[in-house]
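Accompanying notes for the structure given below.
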């Protein structure tokens, strides 16, 4: 504490000059009157009150002892694929949020690209911070996938979760293929596997070459199978795209087949060529959707219930629901012509979507002709 105090000492000499004394009685009284802030205790995270929902995490904690000297709290979190206590060797860094005034905090707008999140919190007063709480791990269930570039039409340029239609794509790739002829196969965005930690349901890149989509099927598939549960993802497409579609398909969808034109796929389709149309398609049957076309669409797939619903991602307005009996695992499927789109994965099923789903077909658009 030396830098915080300064003593003013006065010399006092005896009459016969035999003793030299220093009087610091006043300073001693001042020091004895000082009170020091104690080190705050470690908070306790309340798992029962903490919540993971709607791509948000609300964390609640309490102090083991009453302490009215707490000035603020510091929260740290990081993503992980391991449940249980945090591991000492972890690639993901701790993210820090400072200056929290309450004993709870909500992280919003998250994308859950890993299965769990670690959390810890510490209390701080004006002088010092205490120890971190015992860290906790919360599960963050969400559907995370990437686009499988090996399935994409040669005119589609795939970059992780973004796709752009390129009229010269096929010619450029043919030239590169001829240049590399005889030099062995090299890694390229088309042939490279999806990045990130492989999932047990993630499909190997096996549709390359002759099995990729071709002709007028400007299609690309996701790389992770849906064989159960509920899943949700969103897609934002460029409004000036001439044609755009999204939905789900069986892995067996043929390389020449377009989304919605066979029994192996279900989709909603926007056509801006000549005149604007917005339709739901399956088995080469189409139903016109009498609603403005949103620029961002949400897809909710309940595999066991056989429900595939499409929403305005911004307002959560239900646009259409397919009722089907899925006999094979599904893959997210997309198509675009003269345009581009971006997929947002790692999202949880919104609470509003779950509520609409529970209300049944009373609030959804009937599709008895498109089962």
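Glycine too: its Cβ is placed from the backbone N, Cα and C atoms.
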Checklist entry - For which of the residue intervals 104-139, 140-175, 176-211 does TrEMBL record region 'Disordered'? => result 176-211
Checklist outcome for this item: Averaging pLDDT over all residues of the domain 'B30.2/SPRY' (143-352) gives 86
